[in-house]
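Per TrEMBL, the features are as follows:
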REGION    1-203  region 'Precorrin-2 dehydrogenase / sirohydrochlorin ferrochelatase'
DOMAIN    121-145  domain 'Siroheme synthase central'
REGION    218-467  region 'Uroporphyrinogen-III C-methyltransferase'
DOMAIN    219-429  domain 'Tetrapyrrole methylase'
BINDING   PRO227, GLY303, GLY304, ASP305, VAL308, THR333, ALA334, MET385, GLY414  S-adenosyl-L-methionine binding site
Amino acid sequence: MQTFPIFLSLQDRPVLVVGGSEPAARKVELLLSAGARVTLIADTVVGEIAQLIAEARISWAGRGFDDDDLSGMALVIVATGDEALAARVSSAAQRRSLPVNVVDRPLLSSFIMPAIVDRAPITIAISTGGTAPALARRIRAEIERALPAAIGRLARFAEIFRVQVRRTLESSRDRRRFWDRVFAGRIGELALAGDEIAARRELIRLLDSARNENAPAGMVHLVGAGPGDPDLLTMKAHRLMQRADVIVYDRLVSPEVLAMARRDAERIFVGKRRGEHCQTQSEINRRLVSLARAGNSVVRLKGGDPLVFGRGGEEIEALVRAGVAVEVVPGITAALGCAASAAIPLTHRDHAQACIFVTGQLKDGTVSLDWPMLARPRQTVVVYMGAESLPIIAARLVEHGLSPATPIALIENGTTNQERRVVGTLATIEQQARRAALEGPTLCMIGEVIGVSLARDPELQDQRASF
Ligand code: SAH
(Lines of atoms letter the chains of each structure in order from A and count residues from 1; the text may use other names and numbers.)
(Lines give C-alpha, C1' and ligand atoms only; values in the text may rest on other atoms or scores of the structure.)
Protein backbone atom coordinates (compact mmCIF):
# COMPACT_ATOMS: atom_id res chain seq x y z
CA MET A 1 0.00 0.00 0.00
CA GLN A 2 1.68 3.20 -1.19
CA THR A 3 -0.53 5.55 0.78
CA PHE A 4 -2.62 5.09 3.88
CA PRO A 5 -6.32 5.78 3.38
CA ILE A 6 -8.20 7.58 6.15
CA PHE A 7 -11.32 9.71 6.26
CA LEU A 8 -10.66 13.10 7.78
CA SER A 9 -13.32 14.99 9.71
CA LEU A 10 -13.29 18.62 8.50
CA GLN A 11 -16.53 19.76 10.09
CA ASP A 12 -15.94 23.41 11.13
CA ARG A 13 -12.18 23.10 10.63
CA PRO A 14 -10.21 25.77 8.79
CA VAL A 15 -8.77 24.79 5.41
CA LEU A 16 -6.60 26.92 3.14
CA VAL A 17 -7.02 26.84 -0.63
CA VAL A 18 -4.44 28.60 -2.77
CA GLY A 19 -5.62 29.40 -6.30
CA GLY A 20 -8.76 30.82 -7.88
CA SER A 21 -9.10 28.69 -11.00
CA GLU A 22 -11.69 26.13 -12.08
CA PRO A 23 -9.88 23.19 -10.33
CA ALA A 24 -9.73 25.32 -7.18
CA ALA A 25 -13.50 25.81 -7.42
CA ARG A 26 -14.01 22.00 -7.55
CA LYS A 27 -11.92 21.50 -4.41
CA VAL A 28 -13.71 24.31 -2.56
CA GLU A 29 -17.04 22.71 -3.41
CA LEU A 30 -15.88 19.37 -1.97
CA LEU A 31 -14.45 20.98 1.14
CA LEU A 32 -17.69 22.86 1.77
CA SER A 33 -19.70 19.67 1.42
CA ALA A 34 -17.49 18.19 4.16
CA GLY A 35 -18.32 21.18 6.38
CA ALA A 36 -14.89 22.86 6.24
CA ARG A 37 -14.34 26.59 6.82
CA VAL A 38 -12.50 27.61 3.68
CA THR A 39 -10.08 30.53 3.32
CA LEU A 40 -9.01 31.17 -0.26
CA ILE A 41 -5.93 33.01 -1.42
CA ALA A 42 -5.79 34.20 -5.03
CA ASP A 43 -5.37 37.40 -6.97
CA THR A 44 -8.16 36.56 -9.37
CA VAL A 45 -11.01 34.07 -9.07
CA VAL A 46 -13.45 32.39 -11.48
CA GLY A 47 -17.15 33.22 -11.36
CA GLU A 48 -18.17 30.28 -9.17
CA ILE A 49 -15.71 31.25 -6.49
CA ALA A 50 -16.69 34.91 -6.73
CA GLN A 51 -20.26 33.80 -6.07
CA LEU A 52 -19.24 31.85 -2.94
CA ILE A 53 -17.31 34.87 -1.70
CA ALA A 54 -20.31 37.13 -2.34
CA GLU A 55 -22.52 34.72 -0.37
CA ALA A 56 -19.90 34.74 2.43
CA ARG A 57 -19.61 30.95 2.24
CA ILE A 58 -15.83 31.23 2.05
CA SER A 59 -13.44 33.97 3.11
CA TRP A 60 -11.12 35.49 0.55
CA ALA A 61 -7.76 37.11 0.94
CA GLY A 62 -7.34 39.02 -2.30
CA ARG A 63 -3.58 39.10 -2.02
CA GLY A 64 -0.46 36.96 -2.23
CA PHE A 65 0.36 33.99 0.00
CA ASP A 66 2.18 34.51 3.27
CA ASP A 67 3.61 31.70 5.45
CA ASP A 68 1.48 32.94 8.34
CA ASP A 69 -1.64 32.07 6.38
CA LEU A 70 -0.93 28.47 7.35
CA SER A 71 -1.29 28.90 11.07
CA GLY A 72 -4.19 27.07 12.59
CA MET A 73 -5.08 25.31 9.30
CA ALA A 74 -6.10 21.65 9.29
CA LEU A 75 -5.34 21.10 5.62
CA VAL A 76 -3.95 22.92 2.59
CA ILE A 77 -4.92 22.51 -1.04
CA VAL A 78 -3.06 24.26 -3.82
CA ALA A 79 -4.67 24.63 -7.24
CA THR A 80 -2.73 27.25 -9.12
CA GLY A 81 -0.81 27.33 -12.38
CA ASP A 82 1.92 29.34 -10.68
CA GLU A 83 4.58 26.64 -10.21
CA ALA A 84 6.85 28.70 -7.99
CA LEU A 85 3.95 29.61 -5.70
CA ALA A 86 2.82 25.96 -5.55
CA ALA A 87 6.31 24.84 -4.54
CA ARG A 88 6.55 27.58 -1.93
CA VAL A 89 3.21 26.74 -0.30
CA SER A 90 4.00 23.03 -0.39
CA SER A 91 7.33 23.35 1.37
CA ALA A 92 6.01 25.86 3.92
CA ALA A 93 3.13 23.48 4.74
CA GLN A 94 5.37 20.45 4.98
CA ARG A 95 7.74 22.32 7.29
CA ARG A 96 4.77 22.66 9.64
CA SER A 97 3.75 19.03 9.08
CA LEU A 98 0.51 20.25 7.58
CA PRO A 99 -1.11 17.87 5.09
CA VAL A 100 -0.88 19.51 1.67
CA ASN A 101 -2.10 18.55 -1.78
CA VAL A 102 -0.98 20.31 -4.93
CA VAL A 103 -3.39 19.45 -7.72
CA ASP A 104 -1.78 17.14 -10.29
CA ARG A 105 1.64 17.40 -8.61
CA PRO A 106 2.10 14.24 -6.51
CA LEU A 107 5.73 15.11 -5.75
CA LEU A 108 4.71 18.35 -4.06
CA SER A 109 1.85 16.67 -2.17
CA SER A 110 1.88 14.89 1.15
CA PHE A 111 -1.54 13.40 0.50
CA ILE A 112 -3.46 12.37 -2.60
CA MET A 113 -7.02 13.41 -3.39
CA PRO A 114 -8.86 10.21 -4.27
CA ALA A 115 -11.64 9.81 -6.78
CA ILE A 116 -14.80 9.95 -4.69
CA VAL A 117 -18.19 8.28 -4.78
CA ASP A 118 -20.42 10.32 -2.48
CA ARG A 119 -23.51 8.57 -1.22
CA ALA A 120 -23.58 10.37 2.11
CA PRO A 121 -23.08 9.07 4.73
CA ILE A 122 -21.32 6.44 2.63
CA THR A 123 -18.16 7.72 1.01
CA ILE A 124 -15.96 5.61 -1.22
CA ALA A 125 -12.49 6.88 -2.03
CA ILE A 126 -10.39 5.36 -4.80
CA SER A 127 -6.69 5.86 -5.31
CA THR A 128 -4.26 4.39 -7.81
CA GLY A 129 -1.39 5.73 -5.73
CA GLY A 130 -1.01 8.62 -8.15
CA THR A 131 -0.18 6.28 -11.04
CA ALA A 132 -3.30 6.54 -13.18
CA PRO A 133 -6.00 9.04 -12.17
CA ALA A 134 -7.95 8.16 -15.32
CA LEU A 135 -8.18 4.56 -14.17
CA ALA A 136 -9.43 5.72 -10.76
CA ARG A 137 -12.18 7.65 -12.54
CA ARG A 138 -13.19 4.52 -14.47
CA ILE A 139 -13.33 2.47 -11.30
CA ARG A 140 -15.45 5.20 -9.76
CA ALA A 141 -17.86 5.07 -12.69
CA GLU A 142 -18.20 1.29 -12.25
CA ILE A 143 -18.85 1.57 -8.53
CA GLU A 144 -21.39 4.32 -9.14
CA ARG A 145 -23.18 2.06 -11.58
CA ALA A 146 -23.16 -0.88 -9.19
CA LEU A 147 -24.34 0.99 -6.08
CA PRO A 148 -27.95 2.04 -5.79
CA ALA A 149 -28.16 5.83 -5.54
CA ALA A 150 -30.14 5.46 -2.34
CA ILE A 151 -27.56 3.32 -0.54
CA GLY A 152 -26.92 6.26 1.80
CA ARG A 153 -30.53 5.98 2.93
CA LEU A 154 -29.84 2.40 3.98
CA ALA A 155 -26.86 3.52 6.08
CA ARG A 156 -28.90 6.24 7.77
CA PHE A 157 -31.66 3.73 8.48
CA ALA A 158 -29.17 1.31 10.07
CA GLU A 159 -27.73 4.11 12.18
CA ILE A 160 -31.10 4.64 13.87
CA PHE A 161 -31.00 1.10 15.27
CA ARG A 162 -27.29 0.69 15.88
CA VAL A 163 -27.37 1.25 19.64
CA GLN A 164 -30.50 -0.79 20.17
CA VAL A 165 -29.08 -3.75 18.23
CA ARG A 166 -25.80 -3.51 20.12
CA ARG A 167 -27.70 -3.66 23.42
CA THR A 168 -29.93 -6.51 22.36
CA LEU A 169 -27.39 -8.81 20.71
CA GLU A 170 -24.32 -9.29 22.79
CA SER A 171 -21.93 -11.12 20.55
CA SER A 172 -20.44 -9.32 17.58
CA ARG A 173 -21.06 -12.43 15.52
CA ASP A 174 -24.79 -12.33 16.23
CA ARG A 175 -24.86 -8.66 15.38
CA ARG A 176 -23.07 -9.22 12.11
CA ARG A 177 -25.47 -11.98 11.17
CA PHE A 178 -28.40 -9.79 12.09
CA TRP A 179 -27.20 -6.91 9.90
CA ASP A 180 -26.39 -9.30 7.06
CA ARG A 181 -30.01 -10.40 7.15
CA VAL A 182 -31.22 -6.81 7.26
CA PHE A 183 -29.15 -5.62 4.33
CA ALA A 184 -29.53 -8.69 2.15
CA GLY A 185 -33.25 -9.17 2.61
CA ARG A 186 -36.62 -7.48 2.49
CA ILE A 187 -35.84 -4.94 5.20
CA GLY A 188 -32.98 -3.55 3.17
CA GLU A 189 -35.17 -3.39 0.10
CA LEU A 190 -37.88 -1.51 1.98
CA ALA A 191 -35.40 0.99 3.39
CA LEU A 192 -33.83 1.50 -0.02
CA ALA A 193 -37.23 2.07 -1.52
CA GLY A 194 -37.89 4.75 1.08
CA ASP A 195 -40.62 2.83 2.95
CA GLU A 196 -39.05 3.49 6.30
CA ILE A 197 -42.11 2.72 8.40
CA ALA A 198 -42.46 -0.81 7.07
CA ALA A 199 -38.69 -1.31 7.26
CA ARG A 200 -38.67 -0.25 10.93
CA ARG A 201 -41.55 -2.56 11.78
CA GLU A 202 -39.87 -5.55 10.17
CA LEU A 203 -36.51 -4.77 11.69
CA ILE A 204 -37.96 -4.75 15.18
CA ARG A 205 -39.69 -8.05 14.51
CA LEU A 206 -36.41 -9.56 13.28
CA LEU A 207 -34.51 -8.21 16.28
CA ASP A 208 -37.07 -9.76 18.59
CA SER A 209 -36.75 -13.16 17.04
CA ALA A 210 -32.94 -12.90 16.91
CA ARG A 211 -32.94 -12.27 20.67
CA ASN A 212 -35.02 -15.36 21.31
CA GLU A 213 -33.11 -17.62 18.95
CA ASN A 214 -30.71 -20.09 20.47
CA ALA A 215 -27.18 -19.69 19.26
CA PRO A 216 -27.28 -21.02 15.71
CA ALA A 217 -25.32 -24.17 15.07
CA GLY A 218 -22.09 -23.71 13.17
CA MET A 219 -21.29 -25.51 9.96
CA VAL A 220 -18.44 -26.13 7.56
CA HIS A 221 -18.46 -25.13 3.92
CA LEU A 222 -15.87 -27.08 1.98
CA VAL A 223 -15.07 -24.56 -0.69
CA GLY A 224 -13.01 -24.82 -3.87
CA ALA A 225 -10.70 -21.80 -4.18
CA GLY A 226 -9.85 -22.50 -7.82
CA PRO A 227 -6.35 -22.63 -9.27
CA GLY A 228 -5.16 -19.18 -8.14
CA ASP A 229 -6.75 -16.40 -10.19
CA PRO A 230 -9.35 -14.81 -7.86
CA ASP A 231 -11.62 -14.07 -10.82
CA LEU A 232 -12.11 -17.82 -11.12
CA LEU A 233 -13.81 -18.13 -7.73
CA THR A 234 -17.47 -19.04 -7.91
CA MET A 235 -19.94 -16.42 -6.73
CA LYS A 236 -21.01 -18.79 -3.99
CA ALA A 237 -17.43 -19.19 -2.77
CA HIS A 238 -17.07 -15.42 -2.73
CA ARG A 239 -20.32 -14.93 -0.83
CA LEU A 240 -19.41 -17.53 1.79
CA MET A 241 -15.93 -16.04 2.22
CA GLN A 242 -17.56 -12.69 2.83
CA ARG A 243 -19.72 -14.13 5.60
CA ALA A 244 -17.38 -16.62 7.22
CA ASP A 245 -16.34 -16.36 10.85
CA VAL A 246 -13.29 -18.50 10.22
CA ILE A 247 -11.35 -19.40 7.08
CA VAL A 248 -9.21 -22.53 7.24
CA TYR A 249 -6.89 -22.68 4.23
CA ASP A 250 -3.81 -24.42 2.95
CA ARG A 251 -0.76 -23.72 0.85
CA LEU A 252 -2.43 -23.91 -2.56
CA VAL A 253 -4.82 -21.07 -1.79
CA SER A 254 -3.34 -17.95 -3.39
CA PRO A 255 -2.98 -14.74 -1.37
CA GLU A 256 -5.14 -12.97 -3.96
CA VAL A 257 -7.99 -15.42 -3.29
CA LEU A 258 -7.55 -15.12 0.45
CA ALA A 259 -7.79 -11.35 0.14
CA MET A 260 -11.41 -11.83 -0.98
CA ALA A 261 -12.40 -13.00 2.50
CA ARG A 262 -14.11 -10.79 5.04
CA ARG A 263 -11.44 -8.57 6.60
CA ASP A 264 -12.02 -9.60 10.16
CA ALA A 265 -12.65 -13.29 9.55
CA GLU A 266 -10.17 -15.37 11.51
CA ARG A 267 -7.68 -17.03 9.13
CA ILE A 268 -6.12 -20.35 10.05
CA PHE A 269 -3.32 -21.78 7.94
CA VAL A 270 -3.13 -25.57 8.01
CA GLY A 271 -0.82 -26.23 5.07
CA LYS A 272 2.71 -27.35 4.87
CA ARG A 273 5.51 -24.84 4.88
CA ARG A 274 9.15 -25.69 4.90
CA GLY A 275 10.54 -26.00 8.40
CA GLU A 276 7.18 -25.74 10.12
CA HIS A 277 5.18 -28.34 11.92
CA CYS A 278 2.63 -29.57 9.47
CA GLN A 279 -0.76 -30.54 10.79
CA THR A 280 -1.90 -34.07 10.13
CA GLN A 281 -5.20 -34.67 8.41
CA SER A 282 -6.79 -35.87 11.64
CA GLU A 283 -5.64 -32.73 13.45
CA ILE A 284 -7.27 -30.65 10.71
CA ASN A 285 -10.46 -32.70 10.94
CA ARG A 286 -10.62 -32.24 14.70
CA ARG A 287 -10.07 -28.52 14.34
CA LEU A 288 -12.89 -28.17 11.80
CA VAL A 289 -15.27 -30.08 14.08
CA SER A 290 -14.45 -27.97 17.13
CA LEU A 291 -14.70 -24.66 15.24
CA ALA A 292 -18.13 -25.61 13.91
CA ARG A 293 -19.31 -26.84 17.30
CA ALA A 294 -18.40 -23.47 18.78
CA GLY A 295 -21.06 -21.99 16.47
CA ASN A 296 -18.77 -20.66 13.75
CA SER A 297 -19.54 -20.50 10.09
CA VAL A 298 -16.35 -22.13 8.82
CA VAL A 299 -15.08 -21.91 5.26
CA ARG A 300 -12.60 -24.69 4.61
CA LEU A 301 -10.81 -23.35 1.53
CA LYS A 302 -8.95 -25.75 -0.70
CA GLY A 303 -7.00 -25.08 -3.87
CA GLY A 304 -8.82 -26.05 -7.07
CA ASP A 305 -11.78 -28.30 -6.35
CA PRO A 306 -12.08 -29.72 -2.83
CA LEU A 307 -12.96 -33.19 -4.07
CA VAL A 308 -10.19 -33.56 -6.65
CA PHE A 309 -6.99 -34.86 -5.00
CA GLY A 310 -7.78 -32.65 -2.06
CA ARG A 311 -8.63 -35.09 0.74
CA GLY A 312 -12.02 -33.39 0.86
CA GLY A 313 -13.65 -36.81 1.16
CA GLU A 314 -11.88 -37.49 4.43
CA GLU A 315 -12.94 -34.15 5.87
CA ILE A 316 -16.57 -34.74 4.89
CA GLU A 317 -16.50 -38.14 6.57
CA ALA A 318 -15.06 -36.75 9.80
CA LEU A 319 -17.60 -33.91 9.91
CA VAL A 320 -20.57 -36.14 9.18
CA ARG A 321 -19.38 -38.58 11.84
CA ALA A 322 -19.24 -35.73 14.35
CA GLY A 323 -22.74 -34.58 13.39
CA VAL A 324 -21.53 -31.28 11.88
CA ALA A 325 -23.42 -29.97 8.86
CA VAL A 326 -21.24 -29.70 5.79
CA GLU A 327 -21.78 -28.19 2.36
CA VAL A 328 -19.45 -28.62 -0.62
CA VAL A 329 -18.89 -25.78 -3.07
CA PRO A 330 -17.02 -26.86 -6.18
CA GLY A 331 -14.05 -24.96 -7.55
CA ILE A 332 -12.20 -24.93 -10.83
CA THR A 333 -9.72 -27.74 -10.61
CA ALA A 334 -6.11 -27.16 -11.74
CA ALA A 335 -6.60 -29.26 -14.89
CA LEU A 336 -9.44 -27.08 -16.12
CA GLY A 337 -7.78 -23.82 -15.07
CA CYS A 338 -4.43 -24.68 -16.67
CA ALA A 339 -6.05 -26.07 -19.83
CA ALA A 340 -8.04 -22.87 -20.27
CA SER A 341 -5.11 -20.63 -19.63
CA ALA A 342 -2.90 -22.46 -22.16
CA ALA A 343 -5.86 -23.00 -24.53
CA ILE A 344 -5.30 -26.76 -24.53
CA PRO A 345 -8.50 -28.66 -25.38
CA LEU A 346 -8.69 -31.57 -22.96
CA THR A 347 -10.84 -33.49 -25.41
CA HIS A 348 -10.85 -33.17 -29.19
CA ARG A 349 -12.84 -34.91 -31.91
CA ASP A 350 -9.68 -36.05 -33.69
CA HIS A 351 -7.15 -36.47 -30.91
CA ALA A 352 -8.66 -37.31 -27.55
CA GLN A 353 -11.94 -39.00 -26.72
CA ALA A 354 -11.12 -39.26 -23.04
CA CYS A 355 -9.34 -37.31 -20.38
CA ILE A 356 -7.86 -38.93 -17.30
CA PHE A 357 -6.81 -37.23 -14.07
CA VAL A 358 -4.20 -39.11 -12.05
CA THR A 359 -1.90 -38.35 -9.16
CA GLY A 360 1.82 -38.74 -9.65
CA GLN A 361 2.53 -38.63 -5.95
CA LEU A 362 5.45 -40.82 -5.01
CA LYS A 363 4.94 -43.58 -2.49
CA ASP A 364 8.15 -45.20 -1.30
CA GLY A 365 10.01 -43.56 -4.17
CA THR A 366 7.79 -45.00 -6.85
CA VAL A 367 4.53 -44.37 -8.65
CA SER A 368 2.04 -47.18 -9.01
CA LEU A 369 -0.40 -46.35 -11.78
CA ASP A 370 -2.21 -48.39 -14.38
CA TRP A 371 0.42 -47.80 -17.08
CA PRO A 372 -1.13 -49.85 -19.92
CA MET A 373 -4.34 -47.83 -19.47
CA LEU A 374 -2.50 -44.50 -19.38
CA ALA A 375 -0.39 -45.33 -22.45
CA ARG A 376 -3.42 -45.83 -24.67
CA PRO A 377 -3.70 -43.55 -27.72
CA ARG A 378 -6.31 -40.85 -28.29
CA GLN A 379 -6.67 -39.61 -24.76
CA THR A 380 -5.33 -36.80 -22.59
CA VAL A 381 -3.60 -37.64 -19.33
CA VAL A 382 -3.38 -34.96 -16.65
CA VAL A 383 -1.01 -35.65 -13.78
CA TYR A 384 -1.45 -33.78 -10.50
CA MET A 385 1.47 -33.67 -8.08
CA GLY A 386 3.66 -35.15 -10.80
CA ALA A 387 6.65 -32.78 -10.88
CA GLU A 388 8.91 -35.02 -8.81
CA SER A 389 7.92 -38.24 -10.48
CA LEU A 390 8.08 -36.80 -14.00
CA PRO A 391 11.08 -38.91 -15.12
CA ILE A 392 9.36 -42.12 -13.95
CA ILE A 393 6.08 -41.15 -15.61
CA ALA A 394 7.67 -40.29 -18.96
CA ALA A 395 9.77 -43.47 -18.99
CA ARG A 396 6.86 -45.79 -18.06
CA LEU A 397 4.54 -44.29 -20.67
CA VAL A 398 7.15 -44.86 -23.40
CA GLU A 399 7.84 -48.40 -22.10
CA HIS A 400 4.13 -49.12 -22.39
CA GLY A 401 3.89 -47.98 -25.97
CA LEU A 402 3.44 -44.20 -26.18
CA SER A 403 5.67 -42.54 -28.76
CA PRO A 404 8.60 -40.60 -27.25
CA ALA A 405 7.44 -37.76 -29.51
CA THR A 406 4.13 -37.45 -27.61
CA PRO A 407 3.77 -33.82 -26.57
CA ILE A 408 3.72 -32.93 -22.91
CA ALA A 409 3.17 -29.60 -21.18
CA LEU A 410 4.17 -28.62 -17.67
CA ILE A 411 2.26 -25.67 -16.27
CA GLU A 412 3.51 -24.06 -13.09
CA ASN A 413 1.32 -21.66 -11.05
CA GLY A 414 -1.37 -21.93 -13.72
CA THR A 415 -3.81 -18.96 -14.04
CA THR A 416 -1.74 -16.71 -11.75
CA ASN A 417 0.60 -13.87 -12.71
CA GLN A 418 3.53 -16.20 -12.14
CA GLU A 419 2.34 -18.85 -14.60
CA ARG A 420 5.15 -20.58 -16.50
CA ARG A 421 4.88 -23.25 -19.19
CA VAL A 422 7.38 -25.79 -20.40
CA VAL A 423 6.38 -27.68 -23.52
CA GLY A 424 8.26 -30.64 -24.93
CA THR A 425 7.97 -34.34 -25.63
CA LEU A 426 8.14 -37.41 -23.40
CA ALA A 427 11.75 -37.77 -24.54
CA THR A 428 12.88 -34.22 -23.81
CA ILE A 429 10.76 -33.03 -20.91
CA GLU A 430 12.89 -34.27 -18.03
CA GLN A 431 15.86 -32.20 -19.12
CA GLN A 432 13.70 -29.16 -19.92
CA ALA A 433 12.02 -29.35 -16.53
CA ARG A 434 15.37 -29.48 -14.78
CA ARG A 435 16.55 -26.44 -16.70
CA ALA A 436 13.38 -24.52 -15.85
CA ALA A 437 13.70 -25.39 -12.12
CA LEU A 438 9.94 -25.37 -11.51
CA GLU A 439 9.11 -24.82 -7.86
CA GLY A 440 5.44 -23.83 -7.60
CA PRO A 441 2.51 -26.22 -7.99
CA THR A 442 2.92 -27.82 -11.39
CA LEU A 443 0.49 -29.71 -13.53
CA CYS A 444 1.57 -32.09 -16.22
CA MET A 445 -0.54 -32.69 -19.35
CA ILE A 446 0.22 -35.38 -21.87
CA GLY A 447 -1.35 -36.06 -25.26
CA GLU A 448 -1.75 -34.99 -28.85
CA VAL A 449 -4.12 -32.17 -27.81
CA ILE A 450 -1.11 -30.22 -26.60
CA GLY A 451 0.24 -30.29 -30.11
CA VAL A 452 -3.11 -28.93 -31.34
CA SER A 453 -2.99 -25.81 -29.25
CA LEU A 454 0.74 -25.30 -29.35
CA ALA A 455 1.28 -26.57 -32.90
CA ARG A 456 2.95 -23.33 -33.84
CA ASP A 457 5.29 -23.41 -30.85
CA PRO A 458 8.70 -23.51 -32.63
CA GLU A 459 10.45 -25.32 -29.79
CA LEU A 460 7.90 -28.13 -29.79
CA GLN A 461 8.09 -28.44 -33.58
CA ASP A 462 11.86 -28.79 -33.45
CA GLN A 463 11.66 -31.46 -30.79
CA ARG A 464 9.03 -33.44 -32.64
CA ALA A 465 10.84 -33.14 -35.96
CA SER A 466 13.78 -35.01 -34.45
CA PHE A 467 11.76 -38.26 -34.36
N1 SAH B 1 -7.68 -29.92 -5.31
C2 SAH B 1 -6.68 -29.40 -6.23
C3 SAH B 1 -5.51 -30.33 -6.42
C4 SAH B 1 -4.69 -30.55 -5.19
S5 SAH B 1 -3.33 -31.59 -5.49
C6 SAH B 1 -7.35 -29.08 -7.57
O7 SAH B 1 -8.50 -29.47 -7.78
O8 SAH B 1 -6.72 -28.44 -8.40
C9 SAH B 1 -2.04 -30.43 -5.75
C10 SAH B 1 -1.59 -30.42 -7.19
O11 SAH B 1 -2.51 -29.70 -7.97
C12 SAH B 1 -0.27 -29.72 -7.42
O13 SAH B 1 0.82 -30.57 -7.15
C14 SAH B 1 -0.36 -29.42 -8.90
O15 SAH B 1 -0.10 -30.55 -9.66
C16 SAH B 1 -1.83 -29.09 -9.06
N17 SAH B 1 -2.11 -27.64 -9.02
C18 SAH B 1 -2.89 -26.98 -8.16
N19 SAH B 1 -2.95 -25.67 -8.47
C20 SAH B 1 -2.20 -25.51 -9.55
C21 SAH B 1 -1.86 -24.40 -10.38
N22 SAH B 1 -2.32 -23.18 -10.12
N23 SAH B 1 -1.04 -24.61 -11.44
C24 SAH B 1 -0.57 -25.83 -11.72
N25 SAH B 1 -0.86 -26.91 -10.98
C26 SAH B 1 -1.66 -26.76 -9.93
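Keep in mind that glycine also has a Cβ here, set from the backbone N, Cα and C atoms.
Remember, predicted model here, so these are calculated numbers, not experimental data.
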Could you find out if DSSP has GLY304 (S-adenosyl-L-methionine binding site) as helix, strand or coil?
strand
Residues other than PRO227, GLY303, GLY304, ASP305, VAL308, THR333, ALA334, MET385, GLY414 within 8 Å, Cβ to Cβ centroid, of the S-adenosyl-L-methionine site?
GLY226, LEU252, PHE309, GLY310, GLY331, ILE332, ALA335, LEU336, GLY337, TYR384, PRO441, LEU443
Local Cβ density at GLY304 (S-adenosyl-L-methionine binding site) - other Cβ atoms counted within 10 Å:
29
Residues with Cβ closer than 8 Å to the Cβ of ALA334 (S-adenosyl-L-methionine binding site), same chain and 6+ apart in sequence?
PRO227, GLY303, GLY304, VAL308, TYR384, GLY414, PRO441, LEU443
What mean pLDDT does the predicted model reach across the region 'Uroporphyrinogen-III C-methyltransferase' (218-467)?
91
Given that the record lists PRO227, GLY303, GLY304, ASP305, VAL308, THR333, ALA334, MET385, GLY414 as binding S-adenosyl-L-methionine, what is the largest C-alpha to C-alpha distance among them, in Å?
16
Counting by DSSP, what is the helix, strand and coil composition of the domain 'Siroheme synthase central' (121-145)?
13 helix, 5 strand, 7 coil
Could you work out which of the binding-site residues (PRO227, GLY414) has its C-beta surrounded by the smallest number of other C-beta atoms within 10 A?
GLY414
By a simple count, how many Cβ atoms lie within 10 Å of the Cβ of VAL308 (S-adenosyl-L-methionine binding site), its own Cβ left out?
20
